[in-house]
Ligand SMILES: O=C(CO)[C@@H](O)[C@H](O)COP(=O)(O)O
Ligand SMILES: [Co+2]
């Protein structure tokens, strides 16, 4: 067994609700969680940091009021970020991540997330430098690596993300801290094994899950492929 002590054994599948049917969102989230999903991935786009516009804290709050108790993983694709952090924390987010280039003061934004009792993550686009992790890895709870350019669901996985995963995996293992490594974009049953092998333990998938009629079957297939990939 080559398992490192700080690595999470528990695989997390986090369906991105961007690909869900918004006309019946509560039911979609109930169904995907009943089908074996672990977290709800909640993509927030502002038509400024990314060229698309999605959902805000009201929708997060509505899911909590609907009875969703699973972790809600808020992925902020907005600029600036600080104003929305307390709003999402108060709306029931458990995890909040942001793109470092969208914050003037990255350390302050991370502290703000933690001060609101949420897990804090930093997100990196496929072509982004990981340099900020030199100083920030000790401060955060997870790293979210994008394997597509942010803004839309249903894009194809960018293979260079595997190299980024291996780099960040090595940094996390060297840190000795229990930091989750999440991957987002183009994750499918047929590539998730390779992605797990490169070091991810937390997997966002939108179109691969919500695009299929049987959520439980896809999620089971993904978890099986992760176990095989991890070896
Ligand atoms: O953050 C994003 C896109 O910006 C993602 O969370 C996507 O929504 C994932 O969708 P798929 O690539 O799995 O369809
Ligand atoms: Co996302």
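Cβ coordinates come from backbone N, Cα and C, glycine included.
Residues 41, 43, 75 are given by TrEMBL as divalent metal cation binders; from 173, 184, 190, 201, that same site also lists 184. Apart from 16, 75, 151, 152, 153, 154, 184, 185, 186, 206, 207, the residues listed for substrate, the same chain places the Cβ atoms of 18, 19, 43, 148, 155, 204 within 8 Å of the centroid of those Cβ atoms.
Taking only the Cα positions, the spacing between residue 41 (divalent metal cation binding site) and residue 151 (substrate binding site) is 14 angstrom. 43, 75, 184 are the binding-site residues among 43, 75, 153, 184, 186, 207 whose C-beta comes within less than 6 Å of an atom of ligand 2, given in sequence order. Within its own chain, residue 151 (substrate binding site) has 45, 50, 51, 52, 77 as residues 6 or more apart in sequence whose C-beta sits under 8 angstroms from its own.
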